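Novice: Dumping the structure here so I can ask a few things about it.
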Amino acid sequence: MTLEIIGIFVLWTFLFGYLVVASIDFGAGFFNAYSLLTGRQRILTNIIQRYLSPVWEVTNVFLVFFFVGIIGFFPKTAFYYGTTLLVPASIALILLAIRGSYYAFETYGSRGHKGYSFMYGLAGLFIPAALSIVLTISEGGFVHMINDSPTLDYEALFTSPLTWSIVVLSLSSVLYISSVFLTWYANKAGDIDATRLMRKYALIWALPTIITAGGIMVELRSHNPDHYENMLNIWWAFALSLLLFIGTVWLLWSKRSYGLAFVLLGGQFLIAFFAYGFAHLPYLLYPHLTIYDSFTNEAMALALIVAFIAGLALLIPSLYLLLRLFLFNKDYVRGKKEDNHA
Amino acid sequence: MNEESVFFSRVLTELTLSFHIIYATIGVGVPLMIMIAQWVGIKKNDEHYILLARRWARGFVITVAVGVVTGTAIGMQLSLLWPNFMELAGNIIALPLFMETFAFFFEAIFLGIYLYTWDRFENQKKHLLLLIPVAIGASFSAVFITMVNAFMNAPQGFDIVNGELVNISPLLAMFNPAMPTKVAHVVVTAYMTSAFVLAAIAAFRLLKGSNHIYHKKALFLTMKVGLVFSIATAIIGDFSGKYLAEYQPEKLAAAEWHFETEESAPLILYGILDDGEVKYAIEIPFALSILAHFNPTAEVIGLDQFPEDETPPLYIHYLFDIMVTIGMSMVALSGLYWLGKILKWSFVNSRWYRWLIVLGGPASILAIEAGWWLAEVGRQPWILRGIMRVEDAATTSPHVDIMLILFAGLYLVLGVGSIVVLSRMFRKNPVEQEIEDRHAEKGGDML
Ligand code: HDD
Ligand code: HEM
Ligand code: HEM
């Protein structure tokens, strides 16, 4: 394995981590707002707050890790993506900021009014939409070099069906991942009403997720034939992912082993995400930038990898502790322990 | 070059950093203060200190939230607004930036655990242990990010041959000459500022009618800690001056209005600049030579040694004055308070003295802002001293002005929101009430 591959592998892994934790977070916010609208708030709020409160800051760090790491391993991305993404990334940032801070204001400060919950829920859908633009751009065709500086063609971007399918996919997978997780969590908490509701949402969102995912492959065929070709070469990975998807839906349908259902879902996204990324290689921005011509120098790459390993040695036990205390602790999940918040 | 983009990128960077630094400073210092309070509480078996730690922790969550979101903004904005700089920096100084994210991670995880495990342990010390990684993580975020900033002031660890970067050494870049004084000064001022901000709150409560011993204990503790760190700040600030004299003499000269290179240089305090002439200033003979070289007769390089277009703006002198004045005043204020408490001088308990302490909180934050503006504006026109100019680093995107407006709106919302939430949080649940509630809950067995 070359250093370039190790670098992109590390970053892609963290992006995957962000995808899963953030989806749960964004989706939960949306369901909370939605149930407020339909008068079923009491059912979900407890469950959602119990899970989210101790971990919300951790979610954000996954994202920071990704964009700091990519500048470290592939400094040229700063030039290409930094210049082109000013507007979409700034919008995502502002939404993230409003959402993150109001979450804290609401949870730790005062009960605010409903308006915030709606804003909070909606922002959680716009953020993945705005962030998913990056994936679209990386497929090529939207960035042109004008006077040696990369420029984003907004018209082409917003009129392309590819853009909108990726946006739809990001939204439906957020809701799907989140509802499957919450089904399991609610079940663990012994909350029958919430389990039933979340299971219903999970089944509703399963279909659009898999349909748009398939649709994107078809669109790539004309948009980026290289990428499409590479994906076909590893068709078996996508097939495996599909099998796992069917497994998840089947378990949910037959009201069995929600924990296993979530694990299968994780596997489905993991495999599809890595297969997609692998097929995209070597391009970071098709066809301008590859992982090879944007890679940092060897000394920095080694230093980053050493720092990364040392960092993981520190993080994995701490993350384990966090999960054990709040996710796998029956008393905490069921709300039996008294309120131990500061 | 697109001048407009450069201009708006600068304004947006200045705005975001100036806003972030308020919350970041509190984020670095307050965990240490919580730790000290909880430790004292356990040691003395005094529930007031424990409650102090608990209430500080509650408020801290709000400031952390704003620190995190504005930090995320600045982290991404560095790439969005200064793509050319980040491309270069990514090659040389990415290591501490990368390590910083691990520090955040570490802090975030343990903060979550700490906040949700009050009273969950029989042994309070175990709970206190959870706070140590929070404090370490917060301080190391500051250490790592300041290393990046130090590199911008004293770049090293690479060579440029025919426009290519060669001989890159990430460790040399990290441990550059600006690093020791800068990191130490930044971390210590964060502790100092947090102590005085918390002291200001305690003094304010005492002024506003509460005469509870809880607030008196809080005030005495924070002023004592503040005294220690403000003395450390002044000493390390002095070393920062010596660093400047050696490696960035143009910044020191501009900050001191030191125009001609000369021996036995006097220090100019205050005053105004009128047509290149210094008026109404206080001149302290030999002091600049001492500040720069520990030696009253040493030669100090003046602005005459630098080309016009590499001289930083001269208004940084005012920033330097603000910072040093506040630093010295805070040493005096907390020193007198401490002496007064020991020697039972009554004036330290008077209303006017407490009002001065209230003022000390915002003043310390003002000193932080002035210090950063001094350091950053004093580096102009360079973004990487001697290597890359600010105007060559900026984005070419024409939309920066709109983003500036959006972000300014965001910071307004966050600033007002955090103040409203914090004051509501503590007004709704005053400490007297909370102490009573806890006694009812526990049957008063804590004391
Ligand atoms: C509470 C805040 C505070 C206080 C009271 C002081 N400082 Fe400071 N100073 C800072 C907060 C600060 C800072 C925000 O932390 C800076 C900005 C950049 C940096 O490295 O530290 C800084 C920078 C800074 C620099 C520029 C360093 C550089 O650009 O590399 C010098 C020379 C001093 N300080 C010197 C002093 C002296 C002699 C003080 C006397 C009491 C003093 N500071 C008090
Ligand atoms: C690692 C830390 C830092 C980095 C990488 C950094 C980066 C930058 C950059 C890219 C600029 C643009 C140059 C310019 O606008 O003139 C700048 C300027 C500036 N930064 Fe920093 N900065 C750091 C720390 C800080 C902090 C913590 C503050 C706190 C307030 C700050 C305040 C400023 C200010 C006020 C300017 C404007 C200078 C001017 O008016 O020309 N910086 N910095
Ligand atoms: C030297 C002055 C600075 C200090 C002391 C500082 C410190 C901090 C602290 C303590 C936090 C986390 C808030 C908390 O969890 O308590 C934070 C957040 C953050 N800061 Fe700053 N910061 C400084 C300047 C900067 C600069 C110049 C950047 C840009 C490179 C930056 C990037 C970030 C990022 C990305 C976060 C969010 C991390 C997260 O999501 O957890 N900081 N900063």
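Glycine residues also receive a Cβ, built from the backbone N, Cα and C atoms like all the rest.
Annotation source TrEMBL lists transmembrane segment at A:6-34, A:55-74, A:80-98, A:118-142, A:162-186, A:198-218, A:234-253, A:260-279, A:299-327.
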Novice: Count, for each of A:6-34, A:80-98, A:198-218, A:234-253, the Cβ pairs lying under 8 Å from the transmembrane segment (A:162-186), and report the range with the highest count.
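Specialist: Top-ranked stretch among A:6-34, A:80-98, A:198-218, A:234-253: A:198-218.
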Novice: Contact between the transmembrane segment (A:118-142) and the transmembrane segment (A:260-279) is defined here as three or more C-beta pairs under 8 Å separated by at least 6 residues; is that satisfied?
Specialist: no
Novice: Under 8 angstroms, Cβ to Cβ: which one of A:6-34, A:80-98, A:198-218, A:299-327 has the largest number of such pairs with the transmembrane segment (A:55-74)?
Specialist: A:6-34
Novice: Can you name the far-off residues of the same chain, 6+ from the ends of the transmembrane segment (A:80-98), with a Cβ under 8 Å from a Cβ of it?
Specialist: 60, 63, 119, 123, 126-127, 130-131, 133-134, 137, 143, 149-152, 284-285, 288-289, 294
Novice: With the transmembrane segment (A:234-253) as the reference, which stretch in A:6-34, A:198-218, A:299-327 has the largest tally of C-beta pairs below 8 Å?
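Specialist: If we count Cβ pairs closer than 8 Å to the transmembrane segment (A:234-253), A:198-218 scores highest.
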